[in-house]
Amino acid sequence: MTRLIALIVSVTLALPALAQDKPKWTLVIHGGAGVIERSKMTSEREAAARKGLDAALEAGSKVLASGGSALDAVEAAVRLLEDDPNFNAGRGAVFTWEGTNELDASIMEGTERKAGAVAGVTRTRHPISLARMVMEDSPHVLLAGSGADRFSVEKGLEQVDPSWFATEERRQQLERFKARRTGALPDAMRFGTVGAVALDSKGRMAAATSTGGMTGKRWGRVGDAPIVGAGTYADDRACAVSATGDGEYFIRVGVAHEICTRMRVATPSNGVACPEETKEPDTVSSCTLRILLSPEQATGIADDVLSDVEDLGGSGGVIFIARGGAAGWSFNSAGMYRGAVSSDGKKVVAIYGDED
């Protein structure tokens, strides 16, 4: 069994909100998980990937540092990654069997648990912004295919020629896949998603995920990225999660929602509770709602859910932020493009499984 790798970023908010000196915020991002090893990575590709992750952290943190919302922050971070051809989302998306690019995305805010998603879109430059438009300006949660494309045009989102998403590297991947004449994808082609989760200074959480899907996908295949509860979930009472990996398995387990559910019902014995005099039973900030998970407990929950995925035969990873600020990632693949930044100035960008 592949060793489950997990890291808790040192961005945890260790005290209840009422006991802190100033508002805190946290942002965690990912650029996909899979067979990502030093021996298979050129120095140029590694530098470009780290630069892209850093740019996404900068875009999202700028929103949070100015008092902006978690929702705006995750959208800003993912938009940067959608424009970066080093990642499988937006420009640089993988090809379908037919040689087209079909893009999926979802976004969710944790206060009212509103969500929006799109699947199989072909002309919207930033699918994550289209997903947000579905959430905020339609009565629906998920739009797919030509209908989603029409909705995007009607709402005035930026359109591009489908060729804008294509890169020569992705085309060569498709050709190599077809040459194998097999339905099984090599590990290096199976993964590729970008995502972000955030906690803002008002205690609100949000999650966003975007992808080009799976190399050589057929018949309108849709993975977990646009499925609320599988690839994306946010609930201010529990956590925010964005996932990447074998989409079919993540859908079957309901990974993102499962992690948040377990975090919500957890009652940590060493959680941090509010002092008696600060209790406000009728408010969202009630002490009874703010017993915090420790970093170890939060990552343990994520590990356990990914173990369920692995038991079924799947692999991949997640990023998360728990209520109170415990933030990090867990993955059972060789590596995962990832990063985190918080209001205390700490920043982490990592790629390989052995990076701290």
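Every residue, even glycine, has its Cβ placed from backbone N, Cα and C.
Bear in mind that the values here come from a model prediction, so they are computed numbers and not experimental data.
Database features (TrEMBL):
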ACT_SITE  Thr193  active site, nucleophile
BINDING   Arg221, Val222, Gly223, Asp224, Thr244, Gly245, Asp246, Gly247  substrate binding site
SIGNAL    1-19  signal peptide
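Projection of TrEMBL feature records onto the structure.
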{"residue": "Thr193", "record": "active site, nucleophile", "contacts (Cβ under 8 Å, 6+ apart)": "His30, Gly31, Gly32, Asn88, Ala89, Thr209, Ser210, Thr211, Ala225, Gly231, Ala243, Thr244, Gly245"}
{"residue": "Arg221", "record": "substrate binding site", "contacts (Cβ under 8 Å, 6+ apart)": "Gly213, Met214"}
{"residue": "Val222", "record": "substrate binding site", "contacts (Cβ under 8 Å, 6+ apart)": "Asp104, Ala119, Gly120, Ala144, Gly213, Gly247"}
{"residue": "Gly223", "record": "substrate binding site", "contacts (Cβ under 8 Å, 6+ apart)": "Asp104, Thr211, Gly213, Met214, Gly231, Gly247, Glu248, Phe250, Ile251"}
{"residue": "Asp224", "record": "substrate binding site", "contacts (Cβ under 8 Å, 6+ apart)": "Ala230, Gly231, Ala243, Gly245, Gly247, Glu248, Phe250, Ile251, Val255"}
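The binding residues for substrate are recorded as Arg221, Val222, Gly223, Asp224, Thr244, Gly245, Asp246, Gly247; their greatest pairwise CA distance is 16 Å.
Taken residue by residue with DSSP, Gly247 (substrate binding site) is part of a helix.
Gly247 (substrate binding site) counts 29 other C-beta atoms within 10 Å of its own C-beta, drawing on all protein chains shown.
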